[in-house]
Structure formats: C-alpha cells, structure tokens
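Structure first, then comments.
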Amino acid sequence: MTWVAWRQQRPQVLASLAVIAAVAGVVVFFRFDAMSYMRDNGITGCLRVDEGRCESAAMNAFSDEYTSYVSVIPLVLLCLPVLLGMFAGAPLFAREFEHGTHIFTLTQSVGRTRWWATKSTIAGVPVVVGTLVLGLVATWGLRPLSYVAHGRMVTPGFETQGLVLAAYTLVAFAVGATAGLLARNTVVAMASTIGLYLVLLVGVSALARPHYLDPVENRGTVAEGAAIGSQSGRSLVPDDAWRVDSSYFDPSGQKVSFDPSSCRSADNSIENCLTRQNIASLSARFHPDNQFWGFQLIESVVFLVIAAALLGTGVWALLRRLL
Amino acid sequence: MTTTTRDAALEAVGLGKRYRRGWALRDCTFELPTGRVSALVGPNGAGKSTLMALSTGLLRPTSGVIRVLGKEPGGGGTHQELAFLAQDKPLYRRFTVDEVLRAGQALNPGWDHAYAHRLVREAGVNLDARVGTLSGGQRTRVALAVALGRRPQLLMLDEPLADLDPLAREEVMQTVMAEVAETGMTVLLSSHVLADMEGVCDHLILLAAGRVHLVGDVEDLIADHRLMIGPRRPAGHGLRPESVVEARATGRQETVLVRDGGWHGATGWELHEPTLEELAMAYLRSASPQRPARTRQETVA
C-alpha cells in the first residue's frame, strides 16, 4: 500500500516540498543579506533601539531597507499551510471518489483503515515535517530582523515562526482530507479547507491565545510610560512584546480612565495630554519575547488536538459509510 | 432437480440495502454454488451493482447477511479469494500498465505476477503505456489481469463487456473461460445483454426492482419451463394462473411461458424448451412495474 500511495501522491508531495524549500531559500537569503547590511552599518546584533551602538537613526534606516520583505514574507508563510492543505489534503480522497479509483484499491486485500492511514501518512507527513523545518528556519532567518518585524509575539510574526506553522499545516491538511472524505468532491474540499482554516486560525488567536500564559505587568510614571511606542528604548513595554492592555492612575493611585480623543494639538505631546487629564502613572500588561516558545508549544498542542479531532471524524465517516 | 452438497461461493439470506432514495435490494435469499459461471441479469437499477458492492464489503447490508465463501465481508478489505471488476474499470489514470500490475502485487498477498503479466502481454497492451491513454478494450484487459492476478476462487464482473467491441468481448470472455477451465473458479457476471451470456453461463440469478425473481442452474431452469405457442383464444389461455410466468398475444398467436409442469394436459399448444434469453426476458417483463412482482426462487438445495 505504501508504494501505491507514494506513486499516487508523488507529484503533490514533490511539488509541496519544492515550494517549501523555495520559501526557506528566500528566508535564508534574506538572513544573510540582513546580516551583511547590519555589519556594513555597524548595527550587528541589534534587536532593538538603545542608547549605545543601536541608535535610532541607523535602526530606522535598517527598518526602511527591509520593511517590504518583512511585510511580504509572513503573508507567504501564512498562506502556505492552507495552500498545502488544499493541494495535498483536499484531493487525497476526494479525487479517488471522483474517479472511482477507491473501488479499485478497496476491492484488493487492503482494509479501509489501512488505506486511509497509509494515504494520509504519505501525503501528510512530508508537508508537516517540511513546514516544521520551514518554521524553524524562519525563526532563525527572521531573528536579525526582529526590530523591523516588531518582534515575533504579534501577528503575523507569531504565526509564521517556530512550531505553529507545522501545526497549522497539519490542521489544514486534516480539514482538506476529511472534507474530501465527506464531500467526495475536490472543489468542495478545497473551499472547506480555506473556510475552516481561517475560522480556526482567527478563532484560536482571538479567543484562546491571550490566555496561554500570564502577561507581565510594568508600572511607571507618565514620563516613563509616554515613551511607549516612541522606540526610544525606555518604554514600559518592550517593542518586541505583545501588549495586552494599559491602565491609568491618578496621583492618589486610583484607577482612572484616559480619553485619547480629547488630546488637543496644543498638548504638543501625549505626556502633556495625560498630565492634563490628571493622570500620574500608568501600567501596561504584555507578553514578553521570552514567552515565545511557551506560546508556540501551547498553540501547537491546541492545533494538534483540533487536527486529531478532524482526522478522527474522517475515520469515523470512512468506517460508517462508503461507496 | 439434482441435489448438490457443494459449498456456496456466494450466499445471501434476507439481504437488503436501503439508500436514501429507497431500497436498492430487498429480501434477497439465494445461493451461488461453487464452480458455476452465473449470469446476474436484470434491468438497469435492479440492484446488480449493489449486490456486488455488498459482496466486496464496499457497502454494508441494511438487513440480512451476505457470505462470500462462507465469510461475511468486513472492513479488512475484500475477501482474498474474491476478485471484483467494477463497471467502469477504475484504474489510476496516471499509472503505467506496469505500475498498475505492481500496485496489484503490493495490494494482494496471493498475487501471481507472472500470470498477470502474461495476460497483459497476451492482450497486446504495452506495459509502458499510461492507463489514461488506453482504449476501452485494453483498459478492460488490464483491469481483468489485475482481478485474475489475485488468483481468486470467485470472480465478479460488473458489466464487463458494456463498452467493448464484439472482438474484444469475445477475447475477454475467452480469457475468463480459460481461467474457469483451468482452476474451476466461480464467476458471477452481470449484464443486461443476455446474448453475451448464452452458452457461457450455466447458472442464472435474475434481479428486478431489488428482488430476486429467479435463481438456479440454467439446465434445471430450462427443464422446469416450457414455451407454449398456440392460437389466441378469446377466453384466454386457459392455463393454471400460478404456473404462468408470462403470456403474450402477438397477432392471432399467443406465447405463454409456463413453469413447474403447468403444460401437462394442455392441448392445442406447440411446446418448446425456452432459451436462456427467452426465459430471462419473460421473467423480466413479468417483473416490470406494470405487473405485480412475483417472487420466484429456484434454489439448488
């Protein structure tokens, strides 16, 4: 069965691996390109702006140089799992039903569970392992560009590095394969893959992800806090962190609300506007960069569970009814 | 009727299969003894393909049991001794013929590779040709080689000759019959072209509207029936209604198919042994929806 499944899936598997390798090649190229730029401009190893060598002007020039690459590559990486799911997963069973070839295989001495398991393994494992490698390559390749990408805790950096790329691919593949088993139509299976993948990705990132680990809280005076986002390197929230929320306090320590829309141009700065609204100190909660691997691990487990449920549904459907 | 004690190659008891649109097969009880070449005859939609899918395990019965060589089909693949050739001969279109045979080898423990290769060579099919480029006849020959390469005890062919030219039909039947002569394999062959079956089949299963109407060895069935031809009478044929399978008036003549010795004592008729085609056609016409279905079973006990 293994040989038959491989012979059937060979074009898709090789094409998928070629695409993954091409994207990985681009990521590797830009890592070396960025490294040499940083060396030429004396900012080697700078991940954020600081008062020393990594001064603001040089870092901003670096950012301008690579901003188009850093905005395009995550989109490519984000589309990859769903594309692999559509082309490796959706036709896997749907095309067999469309051509009636499942009748050929299942009327040999091969049980349907083995048929399902072998085909799924041959088609699924290469793309999942491929995207796992790609995710790790992307983590490594985008590291020097961390400042340009605003870190790897926020979208789309988080989704396109580390382990989750492989977990998303597995889910997209499972959606495609199972939809193909249920709908028995490649186009329907492909459409389901896009639809369900987007729902799962957005749903998990909005509902579950903020709660994986407790955020870190930083408190500071208005003068310190106003530096948030000014990229001066002194802010309450590191610029590669994922900011959760902010709270504002009056001089007596009471929590108050802040209305940014009432800031006037006469205030000149956010600092003046805060002071005028009687705000003395503020705090911010955020997920720092060192939570990256923890978040990656938890999100991967979440998607592994989803994938297992989807694949289980496929097996159930396969055993319940056929032909 | 002769009594045989041979095992059944295929046995159905109260077998039924319901799809969403209704029953495709209902209350089927019959036995196909080993060593027979049986014609599974019925109009389109009679349940022939459903019966074969139930035998291979592709479908599960809604009611009743089907046994292939004594074993109920399960989820573990088709019975190793049963080979099935589906109606549209599904093969992987992008495989070469050689790869199709290799797939047969990979998917079947008892595979006879040399034999399958010989069958394909005899059919004059190029081993390097892709399946998608083969003609209907060549494709049937390759699919048949895969089916026979399993060295089955029971071969099921669903409309194997449907899209073949007369020469290819003859060649396919010759291949099958050569294997039958050599190994004594049982064959169940479905078709709605009765002429293909005449002289080849020694057993008949007649399905109509999801029910079995006639089962038995052709010899016995013919011995049990007579075609009576006589002048048309205004008062009808005057025969016992329960023994009349079908009566047809053509012009001034009347043709009646009678069973179970119903012809004894009738005078003024010309008696003929019916051909397999005449027999089957009479049953198929009598089972058509305009007339109440008659359940008739001739099992070889």
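Each residue, glycine too, has its Cβ placed from N, Cα and C.
The transmembrane segment feature in TrEMBL is assigned to A:12-32 (among others).
If you look at the transmembrane segment (A:69-94), the same-chain residues 6 or more away from its ends with a CB under 8 A from one of its CBs are 9, 12-13, 15-16, 19-20, 23, 26-27, 30, 102, 116, 119-120, 123-124, 127, 131, 134, 138, 142, 145, 148-149, 156-157, 159-160, 165, 168-169, 171-177, 179-181, 183-186, 188-190, 192-194, 197-198, 314. Feature annotation from TrEMBL assigns transmembrane segment to A:69-94 (among others).
According to TrEMBL, the transmembrane segment annotation covers A:122-142 (among others).
The transmembrane segment feature in TrEMBL is assigned to A:162-182 (among others).
Here TrEMBL flags A:187-208 (among others) as transmembrane segment. Long-range contacts of the transmembrane segment (A:187-208) within the same chain, counting only residues at least 6 positions beyond its ends with a Cβ under 8 Å from a Cβ of the stretch, are 81-82, 85-86, 89-91, 94, 155, 159, 168, 171-172, 175-176, 179-180, 299, 302-303, 306.
Per TrEMBL, the feature transmembrane segment maps to A:293-319 (among others). Long-range contacts of the transmembrane segment (A:293-319) within the same chain: residues 93, 112-113, 116, 120, 153, 158, 161-164, 166-168, 170-171, 173-175, 177-178, 181-182, 200, 204, 208-209, 212-213, 287, each at least 6 residues beyond the stretch ends and with a Cβ under 8 Å from a Cβ of the stretch.
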